[in-house]
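Read through the structure below, which is laid out as structure tokens, and then see the notes.
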Amino acid sequence: ARGAAAAGGMAAAAEGKAGNGHAEGPSAAAAEERGGGGGLRGCRGFLRRNALVLLTVSGVVAGVALGAAVRRASLGPAQVAYLAFPGELLLRMLRMVILPLVVCSLVSGAASLDTRSLGRLGGIALAYFLGTTLLASGLAVALGFIIRPGAGASALNDPRLGLSGDVPTSKETVDSFLDLIRNLFPANLVAAAFRTYATEYKMLLRNTTSGNVTWEKIPVGTEIEGMNILGLVLFALVLGVALKKLGQEGEDLIRFFNSFNEATMVLVSWIMWYVPIGIMFLVGSKIVEMEDIVLLVTSLGKYIFASILGHFIHGGIILPLIYFAATRQNPYRFLLGLITPFATAFATCSSSATLPSMIKCIEENNGVDKRISRFILPIGATVNMDGAAIFQCMAAVFIAQLNNVDLNPGQIFTILVTATASSVGAAGIPAGGVLTIAIILEAIGLPTNDLSLILAVDWIVDRTTTVVNVEGDALGAGILNYLNEKERKEKEQELKEVNVEAVANSKSEEETSPLVTHKDQVSNTTSTADPESKESVL
């Protein structure tokens, strides 16, 4: 009987193994199917996470193709304006949110930081902005002397270049810096949202005692169209610090600005989905508007090449090296999360219009603290203009070489200082840097008539200029975020060490401290009391 039972058990075991063998086949197939489905789901997840980036890059490519295709149709100015209409809508929407975004983000950012952190971060940011701008200016002057873009320029008077006769009115260097200081303190905050102070000149006829007639240039203050972003930035910073000083009384207003800021960011996230369409038509219409691009490149090719090479070296090598030296992290991984704002900067040529998408992407993709990004990026969009400094210094060297003027060390130093200082007040709008070139040319005594050459190629160089501008702002925010996180971790470590030392000291002082003896005596008398009374004694 025992033998029969054993035989039956072995048979059952054999059947079980066979059954398991049959069951393993379908489970393996199901696992394979799940693996394939997982890969498909991973691909879908990647596309969903990076949909905006892919659509934005596709919009740039489609815009180039659209412009090349429509260019053959020889459209008139009216048709070109209709083609650019969707892109114009994008610019108007981005400019619409600049004012609430800058004011609310700076007020909430300044109010969320304590005075010590605000001063420390502000000092580091100022040193970073001035240092990188000086490096950019020096790089541009060095490349200008190496490549000599003005030495080989030819056919510059060809009418097919489409050179504009409208050259910006040159201002005295002193008046330019005085205007910068005046704009820091606007007389009317409401007017500062759409008007800027600027000095113009009026010629007065004067008779001298000797009978000679002379013309005298008198500076006259006027208001021109354009947002006074410098004055708004300073006011928002000071208001945030004041609200922080108020304490409990200022909490309601701080919460208002925080809510306003978050609502503005929701609007920005909606606008971002229209960016690919707007970029496509912006790029396409600009290609259609071009005159004879082959002649333009052959005539001013060395200047275009030198400027773009300077932007590539500064934005692709120098700025990432500074970020790596400060954080010991991969800068290109950080920049990879900012492709959408870079494409927006390339298409719009406006660092102010790129600000909304930059704040959104640097917080969501790179994990930068909101207090840092919303405090530094609006200031950087106004003050930090590395790309503009390269563009302006290269233009000054180019015009000097064009007029066969050998720059002496004093003039080179003047170019560096003036470009660094004037880039602070450069308007974050398309062709905003051309106005500051006139200041540099006046400072070194060069004619401003050749600025029309710069205007002819500004639409090409201005794109890489804006990309480098916003890249410098983003990397500065990343460096400040790293330093702030590092300081916070050090403080937490110090607190832990203090707590450990306090516990050790309380144990070592049990025999000598009268307080501990008193505690023991009281605890003996109140041993029957509730735990809360023991805690109060401790």
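Placement of Cβ uses the backbone N, Cα and C atoms for every residue, glycine included.
Lifted from TrEMBL, the feature list:
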type	residues	note
COMPBIAS	16-30	compositional bias 'Low complexity'
REGION	16-37	region 'Disordered'
REGION	501-538	region 'Disordered'
TRANSMEM	51-70	transmembrane segment
TRANSMEM	90-113	transmembrane segment
TRANSMEM	125-147	transmembrane segment
TRANSMEM	226-243	transmembrane segment
TRANSMEM	263-283	transmembrane segment
TRANSMEM	303-326	transmembrane segment
TRANSMEM	332-355	transmembrane segment
TRANSMEM	375-400	transmembrane segment
TRANSMEM	412-441	transmembrane segment
_Cβ-Cβ under 8 Å with the transmembrane segment (51-70): same-chain residues at least 6 beyond its ends_ = 83, 272-273, 275-288, 339-340, 343-344, 346-347
*State the non-local partners of the transmembrane segment (226-243) in its own chain: residues 6+ outside its ends, Cβ under 8 Å from one of its Cβ atoms.*
98-99, 102-104, 106-111, 115, 118, 180, 183-186, 189, 191-197, 250, 253-254, 257, 352, 378-379, 381-382, 425, 427-429
*For the transmembrane segment (263-283), which recorded stretch in the set 125-147, 303-326, 332-355, 375-400 gives the largest number of Cβ pairs separated by under 8 Å?*
332-355
*Selected stretch (most C-beta pairs under 8 A with the transmembrane segment (125-147)) from 303-326, 332-355, 375-400*: 375-400
